[in-house]
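> Here you go, one structure.
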Amino acid sequence: MGLPSRQPSMASALKWLGFVTAVWVQAISGNNYTFSNYSDAVKTLMNLTQVQLNNLSVAKDVGKAFGLLAGLASDTFPTWLLLLIGSVEGLVGYGAQWLVVSKTISPLPYWAMCVFMCMGGNSTTWMNTAILVTCIRNFRKNRGPVSGILKGYVGLSTAIFTDVCSALFADSPAKFLVMLSVIPFVVCLTAMIFLREVPPSTTDSDVSEESKYFNMFNIVAVTVAVYLLAHDFVGPIGHVFDVTFSVVLVALLAFPLVIPAYIAFKIWLDSKAKADIEDQNIENTEPLLAPDVVPVSQPVQEVDVLDADVNGEVKKSQPVLGEEHTIAEALKTVDFWVLFTSFLCGVGPGMAVMNNMGQMGSSLGYSDVSIFVSLTSIMGFFGRIISGTVSEYCIKKAATPRPLFNAASQILLAVGYVIMAVSVPGSLYIGAVVVGLCYGVRLAITVPTASELFGLKYYGLIYNILILNLPLGSFLFSGLLAGLLYDAEATITPSGGNECYGAHCYRLCFLVMGGACLVGCGLDVLMASRTKVLYKKIAASKRSKSVVNGK
C-alpha cells in the first residue's frame, strides 16, 4: 500500500490563485491579434497604401522581437516586475494609438505610429513570458495542459475584446483602443499580487490532483468559448441583452476562483479535524516502545529526461535532447533550427491572415469583419486547448511525438488556403475557422516541445527566440507577400490610398502560403522522427509514475 498523500498547504491554494490570475492576464494579452478591428480606421485617417498599413502591423509584430529582453529578464527579475513593465508599456503604446484614432490629437508621423505600434506589440511579450515561464515551472509535470489552457485564453482574448466592444461600444475603433490600453494594465496589477514562482508538486498524488483541476479549467474555458461563439452568431439584439452578455462573460472568467477557494476550504477542514484529534489525545503519553519509523525521504530523483542535469553535476560537451541546454548549446543543434523554421512556416501565414482580415473581408464585399476576427480567435482557443490536452494523452499512451500534431495542422492549413484561393461561397468563414484552429495548435504544441527538448533552466529566453518568428513571419508573409501582391492588384483612390475588390486580390498570396505550410509539414515530420526516442523515454517515465501511483 502506498504512502498517504501529503496534506495540501495554504501555499497550494495560493499557487492556484496565482494560476487563475495568470489565466486572466492571458485572456487580455492577445491584443496583438486585434489589429484588423481598427486597421481600416488607421488606413483611412492616415491615407495609407496597403503596404504602408501592413508595415504598421509588422512594426507591431517587430515589438515581439524585443521579447528577448523579457526572456533575459525572466531569469533574473521577479514575475511582478515583468508584468509591471508589460502593462505600463501597453498603456503607453495603445494609449497613443487611441489619441490618434479618436482624433484627440492630429495624426502622428508614420515613424511615430510605428514606434507606438512596436511598444504595444512588445508589451505582450513581457506578460506572456512572465506567465508562461512562471506557470510551467510551477506545474512542470503538467506542461501540456498548462500550455494549452494559457495559450487557449490568449486565443480567446481577441474574441473577448471584439465581442465586448461590439456589445457595449458599437464596434467603435477609438473605444476599442481604450480597452486595449486600460484593461490589461488593471488585470496585470492584480496578477502582480498573487502570481509568483513556487516549488512544483513532487508526489504522484499531487501531480494527479493537479490534472483534475486542469480538467476543470478546460471545462470553464470551453464554456467561455462556446458562449462567445453563440454571441457571434446571435448578434446584437438590444442594450439590455448586450450588458447582460458582458456581465455573464465577466462572471465566467471569474468562475475559476472556485478552485483555490475549494482548496483553501479543504485545508481548513483538514486542519480543524487534525486539531480535534489532537485535543482527544492530549492526555496520551509516549508509548514504551517507539514504533518503527519509516522515513519519508525526499521524492526519488526521477531519471526524468525533462529535468536531468539541472545542477550541472554531469558535464558533457553537448547535452542530448531532453537535458538542460544553455542558449548557446540549443542554438548549436539542428533540432532547434528545424523547430524554428517549421514554426515560421506555420505562424507566418497565420499572422498574414489575421493582420489582413479587414482588407480580405472588404475585398469580398463584407462591411463588418468582426465576426471573422472573433471566429479566428475562438477557433484558435480550441486549437490550443485541445492540442495541449490530447498531445499529453497521446505521449503517455502511445509515445506520440508532439511535432506530429504540428504536421497534421500544417496539412489542414494548406487545404484551408487552397479553399480561400478558390473563393468558394463562405470561403472566408472556412478560412477563419481553419487558420484559427491550426494557428492555435502550432502555438500550444511548440511551447511544451521546446521545454521538453531543451529544458526549463533557460526556457524564458529560448521561448522568446522562437517567438522571433512572429515578427519575422509577419514581415515576410504580411508586410511583403500580402502587401505587395494586394497593391499589385489594387487601384489608386483619389485620396492617395488604394482599394481592391474581388477574389483575385489575395489568390496568389493564399497559394504561396499554402506551399509554405507544406514545407513546414515536412520539417515537422522530420522533427518527429528525430525526437521519437526522446518521447518514448518521456512516455515510459509517465507510465511508471502512473503505475507507482496506482499501487
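Glycine is no exception: its Cβ is also placed from the backbone N, Cα and C atoms.
Where the annotation comes from TrEMBL, it is an automatic prediction and has not been curated.
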> Which stretch does TrEMBL mark as transmembrane segment, out of 64-83, 364-383, 424-443?
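Checking TrEMBL against the ranges 64-83, 364-383, 424-443, the transmembrane segment one is 364-383.
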> Grab the same-chain neighbours of the transmembrane segment (334-352) for me: Cβ-Cβ under 8 Å, and only residues 6 or more beyond its ends, written as numbers and ranges.
61, 321, 403, 406, 409-410, 413, 417, 435, 438-439, 442-443, 446, 449-450, 453-454, 465-466, 469-470, 472-474, 476-478, 481-482, 509, 513-514, 516-517, 519-520, 523-524, 526-527, 530-531
> Determine which residues of the chain contact the transmembrane segment (364-383) at the Cβ level, with the cut-off under 8 Å and only residues 6 or more beyond its ends counted.
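The answer is 30, 33-34, 36-37, 152-160, 162-163, 166, 171, 221-222, 225, 228-229, 232, 353-354, 357-358, 409, 423, 428-429, 432-444, 501-503.
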> Going along the chain, which residues at least six beyond the ends of the transmembrane segment (461-485) come within the CB cut-off of under 8 Å?
50-51, 53-55, 57-58, 60-65, 67-68, 70-72, 74-75, 121, 125, 129, 132-133, 325, 327, 330-331, 339-340, 343-344, 347-352, 355-356, 446-447, 450, 454, 506, 508-509, 512-513, 516
> Near the transmembrane segment (404-422), which same-chain residues lie under 8 Å Cβ to Cβ, leaving out any that are not at least 6 residues past its ends?
342, 345-346, 349-350, 383, 387, 390-391, 428, 430-431, 433-435, 437-439, 441-442, 445-446, 506-508, 510-511, 513-515, 517-518, 520-521, 524-525, 527-528
> Same chain, outside the transmembrane segment (505-527) by at least 6, Cβ under 8 Å from its Cβ: which residues?
335, 338-339, 341-346, 348-349, 352-353, 356, 359-360, 363, 401, 403-404, 406-407, 410-411, 413-415, 417-418, 420-421, 423, 477, 481-482, 485-486, 489-490
